[in-house]
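Everything on this sheet refers to the single structure shown next.
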């Protein structure tokens, strides 16, 4: 079977056209007429006085009934309200209605009183209107409203096409993305090159009896470029690209998701060779049988249909299914077996080189200054995803526009990086002089402990400008190189640096504040990881006391207890010991360098922000002064 290339000019898609072009207009006209009729009826009833039948008989005897009409259900007409006060004036007449009672003498009473009366028989048209048309119209309006509600806001979605797939079809001209637009994930691109080559040259693989994976699962934290990679595969292979989110399959009605899966693969077969991309696969691919909630049947039917479609279509049809998720651990095992999503491509956070390449990709089309150093930014943004870096460049462009500059400068990138890391400046948050001084000592305490610790990361900036929601100041440390392993000494130094702010407060004021809350949280987390994960405790041994944490994007610190009570007590004592020892070490460092602590704090209070060069310059000047004065003492 030979695969024919897709046509360049695909016919326009009509999935979104409403089934009846004038349906909305007809419904609106019907509603308007119905409301006008109700309004007229309400006005008529407002002018009619309803009286009891006994009063109606009394008015007949008093000859106050002028005329009346008799229907099967009621009697209505005109009655005299009051006689004219003067001659020549007309009498006051009002409309009335009363319930008809089975009274054989009614006609005689009307004749004797001289009342003009008659009988009214309801027309066949009104009977049909009230018996059939109005109920059908109300039912149709409810049905139409429900159909629009279930449509999810898209034009043309209704109960008539609720089982249609909502996949968006892009052809090679409209994807606009190739592998040149993707950076920072070279290994993932290499894995997907095979898929592209198969779509371009399928005969070479079939001649060797090779089978391309039916499904490729892109796994990685949010923002790492999984969707962009899928578009790049379609752009490189120049084949139609169906894109849909997993949440778009599932609706309120059971069976809709399965119908949409069938419709999606039906469209894909008609456009083969092509790529079907399902974003957020975990929305429909969760493990079956573990949820007890409303809607479980719909999720499971949708998943079952997806399993059937992936294992049922002919492998020579040229349909490649790409999917993305950041929670592979909750996917059903049947999805990951050979024959379905049998290949997993990890799209991890980029390293320093990858971040630099991503920055260069996102900087295309932006006016940049000649002094831009992407390498410096890349080294300083460890842990940033591709989306974070794109946001960083956008923030830099906004800052440059705010300065009314025609180009993006390095200072804009650095300020944008700080804004992303620590939050925007809170210029409206005004601190008292005492609080400002305490914050300065706190931040300088962090910086000095980091500077005099052998394995701590270098200090890049110290600031007492409030940022974000709660930060009154911050000390920015940036690594000099990408690290994949951390030694025990490095971890202990990180704890010691975190304790530096609290130690400085106690040393200067003899009192402590709530400002070290986040520092204590960070230090405790590192200490717990050392004891429970890395076997670095003295008495806890080499056992691993924490269950696996499969969620991507970092370790979950809500540890589950998987040890005896005695072992848990030992772990708590080990953690407490590590924290206390490093707190005392931070105190010792600051006592030995208390002059530096006061001098740097004095400069920080004057300038509010010190960069790495200024910080080092102050310390070097103090060091020179110490050499020139032999009696210089730095002990507290």
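A Cβ is built for glycine as well, from the same backbone N, Cα and C atoms used for every other residue.
It should be emphasised that the depicted structure is a prediction, and the values quoted were computed from it without experimental measurement.
For reference, Swiss-Prot has these:
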type     : residues                               : note
ACT_SITE : 443                                    : active site
BINDING  : 220, 221, 222, 223, 224, 225, 226, 227 : ATP binding site
BINDING  : 442, 446, 519                          : Zn(2+) binding site
TOPO_DOM : 1-18                                   : topological domain 'Cytoplasmic'
TOPO_DOM : 148-636                                : topological domain 'Cytoplasmic'
TRANSMEM : 19-39                                  : transmembrane segment
TRANSMEM : 127-147                                : transmembrane segment
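Features recorded in Swiss-Prot, as mapped to the structure shown.
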{"residue": "223", "record": "ATP binding site", "contacts (Cβ under 8 Å, 6+ apart)": "385, 386, 387, 388"}
{"residue": "224", "record": "ATP binding site", "contacts (Cβ under 8 Å, 6+ apart)": "184, 185, 347, 348, 349, 350, 385, 386, 387"}
{"residue": "226", "record": "ATP binding site", "contacts (Cβ under 8 Å, 6+ apart)": "218, 220, 279, 324, 347"}
{"residue": "227", "record": "ATP binding site", "contacts (Cβ under 8 Å, 6+ apart)": "243, 277, 279, 324"}
{"residue": "442", "record": "Zn(2+) binding site", "contacts (Cβ under 8 Å, 6+ apart)": "473, 501, 502, 504, 505, 515, 516"}
{"residue": "443", "record": "active site", "contacts (Cβ under 8 Å, 6+ apart)": "462, 463, 464, 473, 474, 475, 501, 604"}
{"residue": "446", "record": "Zn(2+) binding site", "contacts (Cβ under 8 Å, 6+ apart)": "462, 475, 497, 498, 500, 501, 504, 519"}
DSSP three-state assignment for residue 223 (ATP binding site) = coil
Among the binding-site residues 220, 221, 222, 225, point out the residue whose Cβ has the most other Cβ atoms within 10 Å, with all shown protein chains included in the count.
-> 225
Excluding its own, the Cβ atoms lying within 10 Å of the Cβ of residue 519 (Zn(2+) binding site) add up to 19
